[in-house]
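Peer 1: Mind looking over this structure? Questions follow.
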Amino acid sequence: MKALRISQLAALSVAGTMALAACGSASNDDAAGGGGTSAAAATSSSACTPGNLTGAGSTAQQNAMAQATAGYKARCGSDVSYNGTGSGAGITSFITKQVDFAGSDSALNPQGKDGDEVAKAAAACGSPAWDLPMVTGPIAVAYHVKGVDTLVLTPSVTAQIFSGKITKWNDPAIAKLNPGVTLPAEAISVFFRSDSSGTTDNFTNYLNTAAPSDWTAKHAKDWSGKVGQGKAKSAGVSQAISSTEGGIGYVEWSFAITDKLKMAQIDNGSGPVALTAESAGKAVEAATIAGTGNDLALNIDYSTKAEGAYPIVLVTYEIVCSKNADPAKGKAVKSFMSYLVSDDFQNTLTSIGSAPLPTSIKDKVTAAVAALS
Amino acid sequence: MSSTGASVADETPSPGGRDPLSGDGAATGRLGDRIFAGATVGAGLLVVVVVVLVGIFLLAQALPALRVDQASFFTSTQWHTGSTLAFGIAGLLWATVATSIVALLVAVPFSVAIALFLTQYAPRWLSRPAAGLIDLLAAVPSIVYGLWGGYIVAGKWAPIQDGVSTVLGWIPLFAKVDGITGGSTLFFVGLVLAVMILPIITALSREIFDQTPTTHKEGAYALGATKWEMIRTAVLPFGKAGVISASMLGLGRALGETIAVMMILSGLPQGAPWTWSLFNGGATFASKIASDASEFSGGLSTGAYIAAGLVLFVLTFVVNAIARVIIDRRKAFTE
Amino acid sequence: MTTDIAAPEAPEAPRPTVSLDGRSGGRKAKNTLATVLVWAAFLLALVPLVWIMWTVLGRGFHVLLSATWWQKDQSGALPPGFDTNVRGMRHALVGTLLMSLLTTVIAVPIAILTAIYLVEYGRGRVARVVSFMVDILSGIPSIVAALFIFAAWVTTFGLKIIPACASLALAMLMIPVVTRSTEEMLKLVPNELREASYALGVPKWKTIVRIVLPTSFSGIVTGVLLGFSRVAGETAPLLLLAAYTPYLNENLFSGSMAALPTLINNQFLSINDPISGQRVWGAACTLILLVLVINLLGRLVGRLAKVKR
């Protein structure tokens with residue numbers, strides 16, 4: 001009884017918020033529009049299967065999950081709790097059957113540092129576990145230099161900045177890429193994530209792939225650069241950049257937006273590309289599928305020269321059991337996953353610093369979700 | 001130490017002094033006594049069992065990782081827990097010890113002074129609310145200390161630290177470290193930790209000073225002591241063991257503090273040059289474990305962190321053993 | 001507690017006039033210096049206190065004035081930047097209360113019994129070992145305690161994590177605080193009291209329960225409150241053992257449960273967003289207020305018990 005009453009209250013408050021947002025804000029119209037659509041579209045797309053779910057994992061998709069759980073609750077009335085514990089902890093929780101799905105910024109790894117994650121997950125599920133790419137989180141190279149409003153960087157120069165070979169903002173290498181921009185003679189302060197994170201992993205993977213001669217260390221979740229100050233979590237890095245003149249660092253796009261940081265344009269070889277949902281989507285489109293069947297692990301091509309593609313992206317997966325031991329749970333998971341892949345949800349992602357899945361990939365995910373049970 | 005002027009007849013035990021009624025034989029026989037004594041022994045043994053289990057757990061998880069460690073565990077400052085395991089604790093140990101010592105050096109004198117203020121100096125109308133105020137500091141959760149220290153005080157502290165390192169930079173401890181901003185250094189973390197452990201040490205010291213037998217105090221006054229002399233000869237000796245015990249509690253908290261340290265302290269890149277400066281960044285055992293806990297997967301790589309936890313465990317062991325020796329020796333003097 | 005402070009002031013008054021002794025000037029100066037230093041220490045300690053309170057109250061107190069804050073949970077919260085509602089923290093408050101209460105229920109009996117053992121019964125090697133282990137326990141960092149409980153609960157027993165697990169880890173942190181402080185307080189109980197009780201033929205256990213414990217009651221309460229403050233604000237174990245959830249959960253034995261520190265941790269990720277910022281500081285404010293109220297209640301209980309005696 002009580003639970004029912006509370007969920008009704010909550011549903012009311014959600015509806016209230018959305019109405020407010022829809023009326024009040026001209027600036028947030030993306031979100032309000034998205035929220036409104038998802039509430040209104042409740043009748044149009046796939047039916048809901050009730051059932052509360054718990055998920056845990058990547059913090060990179062925490063914002064997207066907040067959006068998804070609110071939208072899903074408004075549509076289906078079920079509670080989904082997503083706990084941003086970190087990808088590794090999320091997978092551990094999934095393998096030890098603590099959660100119904102895991103969010104991760106890397107697919108299950110058969111050669112994981114602590115054994116075969118694919119096999120462990122399959123053992124926990126009693127059926128193969130699938131990696132479903134759901135949320136694209138671009139990584140911004142954010143900087144704080146007075147008077148420099150646009151900054152173009154190439155993989156090589158980025159790698160040299162983050163490895164300490166370039167130490168001044170007015171270095172000729174940077175100046176060459178930015179004609180007409182007055183670069184100050186101040187020192188560059190590099191900030192990195194002091195905690196293990198998929199963001200660091202993807203960013204160093206980008207540097208290592210796109211500029212292998214300037215960044216020789218292999219990608220890892222811990223910072224492998226030789227310079228810089230480590231800050232805890234994206235919030236810490238973001239805060240440090242915004243308060244340090246001459247600072248530069250890498251953060252998830254959403255943080256750069258919230259903290260109003262200036263973001264560098266990346267020139268991977270076919271001209272400078274600013275970070276937008278569209279340009280990030282193009283990079284995901286260039287990715288190839290590494291998994292087999294409905295396991296949709298992606299291989300991102302960081303050195304892509306595709307026109308207008310922003311190459312530093314991070315794709316987060318939902319890791320689910322293909323066939324859940326508990327049929328009711330399986331249906332609830334399927335219901336939530338089909339909400340995640342639906343246009344209603346994917347189209348709201350842009351406004352929260354994520355990019356929607358490109359159509360080619362989305363179709364495959366939709367097919368995989370349909371095969372869940 | 002018997003200069004307190006206390007009379008021989010005064011039998012009030014000093015804290016950490018002779019056990020009350022040792023071997024009083026008052027507990028023999030009766031059923032109620034046996035049950036009660038059994039319960040207390042059981043509780044005590046439970047604590048022992050838990051600690052032993054934690055020790056075993058730490059060892060069991062740490063050993064496999066230590067076996068394949070490719071770096072020197074005690075002297076290396078690297079920390080690679082990817083596909084190859086190469087980790088050493090030198091940096092973590094230094095950061096942990098340095099921050100905790102700074103915290104203790106700052107907090108203990110302040111705590112004792114505040115406890116004296118509250119029990120001996122403050123007018124009565126002030127002492128109780130003032131004690132409540134200090135206790136309020138204990139109520140602040142560590143994540144708030146992290147926010148406050150890292151986001152608000154840090155910016156104000158930076159110029160002070162720059163000043164200090166300009167003047168005293170020739171001392172290795174205060175040397176300037178390039179690329180580490182003021183409000184994110186070991187020294188600053190030590191200061192924030194000092195604020196965090198201050199209420200713990202103060203609260204216990206206050207309770208103990210408060211219990212100084214009036215006879216001791218009046219005895220000192222009767223011999224013509226000034227207030228300060230009374231404190232020095234009656235209150236402080238009476239409370240010394242308790243203050244040390246309280247300080248150990250505070251030290252325990254400082255050594256193991258996690259979230260606040262993680263939020264304030266700047267991490268160092270791999271292979272950063274070693275320096276003894278307190279104006280450097282780093283990571284403590286606890287902050288290192290916590291900041292990477294999000295990627296734990298329970299296997300060998302996690303073992304590296306558990307090994308760090310084990311060292312912290314042993315460190316606490318050693319620190320407490322030393323404290324014990326100090327207390328026991330003092331006891332021998334007092335008696 | 002403070003009753004005997006005023007009395008000793010009296011003998012001091014006439015002393016300054018006696019200046020025959022050459023040292024007395026120096027002694028007096030020393031005394032003055034000590035007084036100044038002690039006052040200064042207290043005032044200086046107020047600086048961080050006032051600063052923290054100023055920060056937290058200034059940024060968070062207005063959040064507490066909204067009824068929604070106390071009545072609702074965070075369900076329906078939109079991502080940072082798009083939520084226009086602070087919403088509530090009822091789920092976190094309830095979670096913190098439940099988990100801390102369970103912790104207290106587990107830890108305090110063990111801690112007090114251990115302290116009684118150490119002071120009243122413990123002899124020789126066993127007592128030394130127990131006493132030492134209590135110190136060690138106080139040095140176990142919260143994150144290690146959490147890893148230990150996680151390993152025992154999940155790896156060894158294969159159970160599903162429930163909010164009560166967090167209480168187990170928190171109890172490991174609370175026990176040493178309460179044991180140490182209780183121990184110190186019990187040691188201060190004058191032996192005359194015990195002897196008088198024994199002389200009247202009262203059994204030892206009854207002496208302890210009826211005479212020793214009540215005598216040191218206020219001190220024990222202080223210790224319990226210190227311990228409570230410690231665990232109510234603890235974050236690290238909760239991250240591992242009581243997954244954050246935006247929904248209200250009143251069952252310690254199933255599901256995930258939010259707590260004020262984990263709410264702060266969750267919202268801290270986007271602290272630069274004004275709404276998230278209000279949640280962070282509001283939750284911090286609530287937590288401090290909660291501990292304050294519990295402290296005051298405890299003190300009241302302590303004082304009432306004292307009056308009764």
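Just so it is clear, glycine is given a Cβ too, placed from its N, Cα and C backbone atoms.
Copying in the features that TrEMBL gives for the protein in this structure:
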type: BINDING; residues: A:Ser58, A:Thr59, A:Ala60, A:Ser87, A:Asp105, A:Ser197, A:Gly198, A:Thr199; note: phosphate binding site
type: DOMAIN; residues: A:43-344; note: domain 'PBP'
type: SIGNAL; residues: A:1-21; note: signal peptide
Peer 1: Around the recorded phosphate site, report the further residues of that chain (criterion: Cβ within 8 Å of the mean position of the Cβ atoms of A:Ser58, A:Thr59, A:Ala60, A:Ser87, A:Asp105, A:Ser197, A:Gly198, A:Thr199; site residues excluded), sequence-ordered.
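Peer 2: Sorted by sequence, the hits are A:Gln61, A:Gly86, A:Ser104, A:Gly137, A:Asp201, A:Leu314, A:Thr316.
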Peer 1: If you count the C-beta atoms lying within 10 Å of each candidate's C-beta, which of the binding-site residues A:Ser58, A:Thr199 ends up with the smallest number?
Peer 2: A:Thr199
Peer 1: Mind computing the max CA-CA distance among A:Ser58, A:Thr59, A:Ala60, A:Ser87, A:Asp105, A:Ser197, A:Gly198, A:Thr199, which the record assigns to phosphate binding, rounded to whole Å?
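Peer 2: Of all Cα pairs among the recorded phosphate binders, the widest measures 11 Å.
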Peer 1: With CB distance below 8 Å as the criterion, list the binding-site residues among A:Thr59, A:Asp105, A:Ser197, A:Thr199 that sit near chain C.
Peer 2: A:Thr59
Peer 1: For the binding-site residues A:Ser58, A:Ala60, A:Ser87, A:Asp105, A:Thr199, which residues show a Cβ-Cβ distance under 8 Å to chain B?
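Peer 2: Listed binding-site residues meeting the cut-off: A:Ser87.
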Peer 1: Across all chains shown, how many C-beta atoms besides its own are within 10 angstroms of the C-beta of A:Gly198 (phosphate binding site)?
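Peer 2: Its Cβ shell of radius 10 Å holds 29 other Cβ atoms.
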Peer 1: So, in DSSP terms, is A:Ala60 (phosphate binding site) helix, strand, or coil?
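Peer 2: Note: A:Ala60 (phosphate binding site) is coil by DSSP, not helix or strand.
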Peer 1: Taking the Cβ of A:Ser197 (phosphate binding site) as the centre, count every other Cβ atom within 10 Å, in any protein chain shown.
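Peer 2: 30, counting other Cβ atoms within 10 Å of A:Ser197 (phosphate binding site).
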Peer 1: Which number gives the other C-beta atoms within 10 angstroms of the C-beta of A:Asp105 (phosphate binding site), all protein chains shown included?
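Peer 2: A:Asp105 (phosphate binding site): 26 neighbouring Cβ atoms within 10 Å.
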Peer 1: Hey, does DSSP put A:Ser197 (phosphate binding site) in a helix, a strand, or just coil?
Peer 2: coil
Peer 1: With every protein chain in view, how many other Cβ atoms are within 10 Å of the Cβ of A:Ala60 (phosphate binding site)?
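Peer 2: If we count other Cβ atoms within 10 Å of A:Ala60 (phosphate binding site), we arrive at 31.
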Peer 1: Averaged over the domain 'PBP' (A:43-344), what pLDDT does the predicted model reach?
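Peer 2: 89, rounded to a whole number.
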Peer 1: Please state whether DSSP places A:Ser87 (phosphate binding site) in a helix, a strand or coil.
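Peer 2: In the DSSP reduction, A:Ser87 (phosphate binding site) maps to helix.
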Peer 1: Hey, does DSSP put A:Asp105 (phosphate binding site) in a helix, a strand, or just coil?
Peer 2: coil
